[in-house]
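Participant: Provided herewith is a single structure, encoded as structure tokens, for subsequent inquiry.
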Amino acid sequence: MYFRIRKLDEPDSNDNDFYVVIPVKDIFTWFCSIYSLDKTSIFIHDINNLNPNEYTIQQVIPGSDISPIKNLNEYLTNDIIITNTLDLNDLETFIYLLTNGANNSEGIKLLVTWCVYYGRLDVLNYLVDNNILPTENTLRDYLPITISENHDEVYKFIIDHEFHLGYKSNNLSWILTSEYKYINSLKYTLSNDLKLSDLIFMHHLKVEILQELFSSGYEFDNRLFEKICRTTNITLIKFFMDIGFDPMNIVIQPNQLCIYLANILLDSGRQFTQNEISQIITFSIVSDDYWDIIAFTERTGYNWNNINDNFINCIIRRGSLDHLKDILNRTSLNINRFIDNIVITAIFDSRKDLIMYAYENNVDIAKYIQSLPYSNDTNFIKWYIELLNSDGNFKSDNNIINFINHGTGTHKFEILKYLLENDCYEDPNYIIEHICCPFNIGKNNTDIHEPIVVELLNLCESKQIDVPKLTPIIISNYLLSNRKISNTLLKFGTTIYSDGIIDNDSDINNILLNIINNQCEEIKDYVYNKPQLWTNKSIMLATIISENIDLFDFLLELNRDNNLYLEQSFILCANSIKMLKHFVNSINLDITSRVRETYVYAYSIIKNKSVASYLLLYYGNDMIYDSDNIFENQKNLFVNDFLREIKNLNFV
């Protein structure tokens, strides 16, 4: 029994004539996990008949009913007959699936999580009543989070059936103490022997939750109060003291003592050593007011020469410049001891005040240029460079420009623009190299980078700076499946590259650009008169990607007696299912020896699942998967050597 899972926004059929279907045993794994716990956007179609011999892909299909993809619990078929569409809101759907084989351990575990998340008590009750449960401990590490309106009922059910469902009540405590809306569930949990003092983390506790529990008669213990006192949450500490808890009855180490409690202990007669005071103020600097800490040190007679570096570094990271100056004035410490941390922190946090403090103390801030990549503030980086360029003689070195390679933020291209506009460079070629960085960025980011790249190129043109590699890079990206970026740059017009077919026989850039731009009127005559171009694989690949069947047939005809060229063309058809089908229908050639390589190219290298699926259905699983390690020998593939040439801008 197989099912097809379809999202609401997916069409009822597809253009590729094949469908992914799921065996019943894996149905919960798929819709609970792979479809991201989304119960509102999925159809589950009950497939009654899988008979690919009735409907074929291009009139050819292997004899097996279905072709499995190794290591994935999905199957491909080109024929489905939908007998029923199942409703996930109906309990009968789950009963139907469970009684027909959807009961493997992983699927049940995910189903329980899904039911908790959506509050499906009807399904949970059915699972418990019929002893269809996860294996022991499978959910021990899962937090049972629910988004349902009936969360109180869901959590009560989990508590009552925690052993059956594979949860532990302790896992609930963190959730139930995070928001007041869970107060009823928390009370029910506490009435079933869960203790708040078993909580590992206390910082998130809400005082209104504790107030409600106290009003309802819940008894807190000293163990819980001790854990609360180890936090810096003064509101919680005050609450416990107001209801009668005494900090003198517990033992708290100085390195876990906030200033508020430390002052209370002082009032009660406790004395602290210089080392203990250092520990207290270092712990408190994260959350306590700086001047409260200073008042505590004055009260205890603290000698600031005993301070440790951790305290100073915390002031640098978390405090104000005034606090840093005050501390350094109180100690005999030299600023140079902390200057690296000051400047690097300033760059990370875009702190101009710290940079100016270092600058005014004669620190050479130029040596920290290599840290600029870690700032995401364009204005700060510009300001930093302006500070370096205060005499108008600053020229960027490779360290500044190199940060363009450390990320994909638009602000990094803005800095290149600033360097170009202000002539802050010695060699423009090094900057120009980095203008091409968008080509190495995932194609999904193209829309983000297009405007700034256009500005950079226009700026280069206005300054008469040549960008010699741009044309081959455009072509390379088009041939390497980064086509959206290439098409973006093709919009820039004839200022970037020459028009028409070029006269130099050795240069095929314009041939490829014309194919990419679908301006192929002259290409056939030109190529026909240049036999040295007949077997050029880059021309064939551009033709396949552009799906120009007329030019494709022309190139195949030129090479009809060249079996190696034809086989390699078949492999390159992995880029287009349309061209692959056309090749199969047009060329009478045994290319079975190349099917596996074509599949690896489609599935693993360019991620063209449509072509990979077509090959599985067309040629059969056995032909492709004669080995369990077909992806391990990719280095020996023809296509890898060819793609490497393209990356090197060599269009062979």
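Using the three backbone atoms N, Cα and C, a Cβ is placed for every residue, glycine included.
Annotated repeat 'ANK 1' per Swiss-Prot: 77-105, in sequence order. Residues annotated as repeat 'ANK 2' in Swiss-Prot: 106-136. The repeat 'ANK 3' annotation in Swiss-Prot covers 138-167. Among the features that Swiss-Prot reports, repeat 'ANK 4' is placed at 192-219. According to Swiss-Prot, the feature repeat 'ANK 5' maps to 220-242. Look at Swiss-Prot and you will find 243-274 tagged as repeat 'ANK 6'. Residues or ranges marked as repeat 'ANK 7' in Swiss-Prot: 307-337. Summarising the annotation, Swiss-Prot assigns repeat 'ANK 8' to 396-430. Per Swiss-Prot, the feature repeat 'ANK 9' maps to 468-498. Residues or ranges marked as repeat 'ANK 10' in Swiss-Prot: 535-564.
For the listed features, I'd like the structural context: burial, neighbours, distances.
Facilitator: Same-chain residues lying 6 or more positions outside the repeat 'ANK 2' (106-136) and placing a CB less than 8 Å from one of its CB atoms are 25-29, 32-33, 37, 39, 91, 94-95, 98, 142, 144-151, 153-154, 157-158, 161, 164-166.
Averaged over the repeat 'ANK 3' (138-167), the predicted model reaches a pLDDT of 77.
Each residue in the repeat 'ANK 4' (192-219) gets a DSSP state, and the totals come to 12 helix, 0 strand, 16 coil.
With a cut-off of 8 Å between Cβ atoms, the residues of this chain six or more beyond the repeat 'ANK 5' (220-242) that come close are 195-197, 199, 202-203, 205, 207, 210-211, 213-214, 249-252, 256-258, 260-261, 264, 283-284, 286-288.
Distant neighbours of the repeat 'ANK 6' (243-274): 214, 220, 222, 225-226, 229-232, 234, 237, 280-284, 287-288, 292-293, 296, 299-300, 302-303, 306; these residues of the same chain sit at least 6 beyond its ends, with a Cβ under 8 Å from one of its Cβ atoms.
Within the chain carrying the repeat 'ANK 7' (307-337), a Cβ under 8 angstroms from the stretch's Cβ atoms is held by residues 278, 281-282, 285-286, 290, 294, 345, 349, 353-354, 357, 361, all 6 or more beyond its ends.
Sequence-distant neighbours of the repeat 'ANK 10' (535-564) (same chain, 6+ residues past either end, Cβ-Cβ under 8 Å): 475, 478-479, 483, 508, 511-512, 515-516, 518, 520, 523-524, 527-528, 572-573, 575-576, 578-579, 582-583, 586-587, 589, 642, 646, 651-652.
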Participant: Using DSSP, tally how many residues of the repeat 'ANK 5' (220-242) sit in helix, strand and coil.
Facilitator: 17 helix, 0 strand, 6 coil
